[in-house]
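Input: a single structure, listed below in structure tokens.
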Amino acid sequence: MRLNRTFKTLTLLSAAIVLAVSSCVKPEETVTSREAELSIPLNPVPTKAASQFVTVDAEGAWTLSIDFGETEEAWARVDTESGEGRRSDIVLSWDRNASEDSRSCTLTLSAGARTVSATFTQNGTSGSGGGGGSSEIKSDIPGEWLELPATDDENLYFITHDMERGGKTIRNYSYYYSPDDRLAVWVAYPLNRGLIGSGGRTDEWGYDPKVPARYQPVLFRGYDGGYDRGHQLPSADRYGSGINETTFYFTNMTPQLGSLNQKKWADLETQIRNWSYSLDTLYVVTGADIHGATKVAYDNNGAACTVPEGYFKALLGYKKGGSIGTGGYVGIAFYFEHRSYNNDIMNQSMTIDELEDRLGYDFFVNLPRKIGEEWAARVESDVDDWWY
């Protein structure tokens with residue numbers, strides 16, 4: 001893995017800006033009129049030429065324009081200047097800023113009697129770091145949750161996202177992030193019917209608020225080179241209102257071949273959800289194997305992202321009453337090389353111990369303190385008949 005680089009300190013404010021007429025708000029605030037909304041996910045942006053998607057939401061017909069003020073240089077543009085209703089695929093592109101000074105323009109959305117404006121800023125060469133906020137990734141403190149692998153690599157960052165369920169704040173998912181590779185080497189989360197929830201896919205692609213934007217891939221559209229934006233925590237595993245959006249954070253994506261992502265890998269994800277319905281909790285680790293990886297894919301800004309050599313799942317199932325496995329716990333693991341498959345997904349199964357030997361990871365490190373060393377070793381060394 002390419003994990004030992006020194007990162008320059010930059011500050012890059014990534015926020016959706018929605019401004020009502022005659023309003024003055026902080027960059028991270030959102031003010032929405034009843035009939036018109038304009039959202040710019042990344043703002044300000046670095047000096048280099050690039051593009052991103054912006055979202056327009058209005059009732060009826062609308063127009064979108066850009067005002068550059070006193071300057072005659074039209075350095076930014078949108079590919080759609082009029083439409084109706086909601087559009088989240090409008091491309092805002094901009095030229096390189098060779099000046100030391102930052103520059104700004106005003107995007108204006110007009111929908112009937114409603115007008116919404118947003119100031120869009122590109123940094124200059126003397127201030128490419130952007131606005132406030134930390135430019136460093138800060139690791140969270142790992143909890144004693146059963147789904148977690150060991151977190152002992154000083155070059156990776158442990159991040160946790162929470163969610164609200166039933167009036168309580170609970171963990172959503174955690175991941176171990178490699179900024180050099182622009183992906184998480186694993187994502188870990190609990191799964192059951194209640195956590196899956198009800199709802200649908202939002203496709204709200206966006207930046208992870210807990211990682212500075214400069215360390216994330218930019219994936220408002222797919223990777224160059226034909227790779228899918230492959231979820232590690234599947235969208236269908238978190239359908240709850242306000243929660244599905246977190247599965248579309250760029251930090252949850254890897255460049256994955258569609259012939260794997262949309263076929264056997266998707267079959268495995270579906271089977272895992274089906275297993276979770278029969279358990280009290282299924283603890284899942286999904287990961288991208290980048291050991292020895294040499295290929296890269298490019299994000300929407302042309303940044304290189306490591307293409308994994310393979311993908312894996314480590315599963316720990318629990319059913320109350322001790323009616324299955326060892327003390328109610330059963331374990332299984334899967335490994336897929338990064339290619340297409342035509343065989344049954346169970347042909348890729350193995351014990352957790354076997355996957356640990358292959359990858360050098362230590363999965364479910366908190367299981368021994370829950371059920372003891374002997375029972376934990378039994379769970380990880382055997383694939384119980386329950387899985388078949």
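Heads up, the Cβ atoms here are built off N, Cα and C, so glycines get one too.
Over in TrEMBL, the protein carries these features:
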type	residues	note
SIGNAL	1-20	signal peptide
REGION	119-138	region 'Disordered'
DOMAIN	170-370	domain 'ENPP1-3/EXOG-like endonuclease/phosphodiesterase'
DOMAIN	172-370	domain 'DNA/RNA non-specific endonuclease/pyrophosphatase/phosphodiesterase'
ACT_SITE	H231	active site, proton acceptor
BINDING	N261	Mg(2+) binding site
Quick note, H231 (active site, proton acceptor) and N261 (Mg(2+) binding site): C-alpha atoms separated, nearest Å, by 9
The mean pLDDT across the domain 'DNA/RNA non-specific endonuclease/pyrophosphatase/phosphodiesterase' (172-370) is 97
